[in-house]
């Protein structure tokens, strides 16, 4: 047995590796499903707009599940919710296979089963993130575990789509769907082996109405407010770039292969960033935040000249490194700085913000495209992101501690993320 983070019971040394294996199976299944699902919608409906209709219909319920799911993670338990979420995700695929065999898959079926799957996927992300703080050990510290987890996630989303393409070209659709379902079932099975996270973190009998007051507690932490604002603003800028502008550019020059390479470049950068965190940790908190934000700013500025093609790929790699630093650092900040009984809701907040912000960005860009071409809109988004990133660096310097460890160079860091200066030497 080894001791994890302060305040945690000792867990077996193998625990974080079981957690990572479960995360890898879940990520791989979701990555493959992200390609197979819209492909199947297009194949069965024959309507290119159908995939967009299904995605839009699922978006609003997913946002609701993000908020409600955070409450359930804290009141039911992180481990039970993680297991249930993966099982529900797997069952949604199994039901899809069954319906496809006994009836014609209509748009209504895709929407209904997509919403059912979102019941599992969305709260599951929050539950899995909240579990991180429970499975750390002396050797697999919170920093290292967060960095390794990010590296695995990035690798999964780099390899997953390519694997899905290979599977779709060599197997029939049903076999590919079974593979994704098996991945989710395997993730659930591995999570059940974890000796932590079974009990509820929040008080028994807490109502959903009372749970809403917990958002004030979460957002009272300056570092969490910073992350929330940056997540919201950056998603508004980035989502339309990835969903509309980049595809439009590469479609206009008839280079779909370059689009795939460019999208994959971000995952490559994330692998580098996540690996660095796993190696070096997040001890120099202010400096790492500033470097990560700076890399994302530089990466976005490359999109002001995407006509050159290579600039988009380079920009994605640079921004990906920044994102690979940000994601595990945010996981560490939330785990350290948010009270244990609302940690699930804290992670669900960021999932919900991403779901809420992306449509806003798409609406704004759609409006801009009535007056500007895609290249001018790229410049506008890059400049807005420059402002957001610059504010993020300045604000991060103000609210984040210089060093993560309380004893590092005699500095005290409170749970709210405020650096309180030097200890008074006795």
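The backbone N, Cα and C atoms fix where each Cβ goes, glycine too.
TrEMBL entries are annotated by machine, without manual review.
Computed from a predicted structure; not experimentally measured.
Feature annotations, courtesy of TrEMBL:
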type	residues	note
DOMAIN	1-404	domain 'Major facilitator superfamily (MFS) profile'
TRANSMEM	17-37	transmembrane segment
TRANSMEM	49-69	transmembrane segment
TRANSMEM	81-103	transmembrane segment
TRANSMEM	109-131	transmembrane segment
TRANSMEM	152-171	transmembrane segment
TRANSMEM	177-202	transmembrane segment
TRANSMEM	223-246	transmembrane segment
TRANSMEM	258-279	transmembrane segment
TRANSMEM	286-306	transmembrane segment
TRANSMEM	312-334	transmembrane segment
TRANSMEM	346-368	transmembrane segment
TRANSMEM	374-394	transmembrane segment
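By the Cβ criterion (distance under 8 Å, sequence gap of 6 or more), the transmembrane segment (374-394) is counted as touching the transmembrane segment (286-306), at least 3 such pairs being found.
If you look at the transmembrane segment (312-334), the same-chain residues 6 or more away from its ends with a CB under 8 A from one of its CBs are 129, 132, 142-143, 146-147, 149-151, 153-154, 223-224, 227, 246, 249, 258, 261-263, 265-278, 282, 285, 288-289, 291-296, 298-303, 306, 343, 346-347, 350, 400, 404, 417.
Within its own chain, the transmembrane segment (81-103) has Cβ neighbours under 8 Å at 22, 26, 29-30, 33, 40, 44, 69, 72-73, 109, 113-114, 116-117, 119-121, 123-124, 126-128, 131, 173-174, 177-178, 180-182, 184-185, 187-188, 191-192, 197, 344, counting only residues six or more beyond its boundaries.
Of the Cβ pairs linking the transmembrane segment (152-171) with the transmembrane segment (286-306) and spaced 6 or more residues apart, fewer than 3 are under 8 Å, so the two regions do not touch. Computed over the domain 'Major facilitator superfamily (MFS) profile' (1-404), the whole-number mean pLDDT of the model equals 87.
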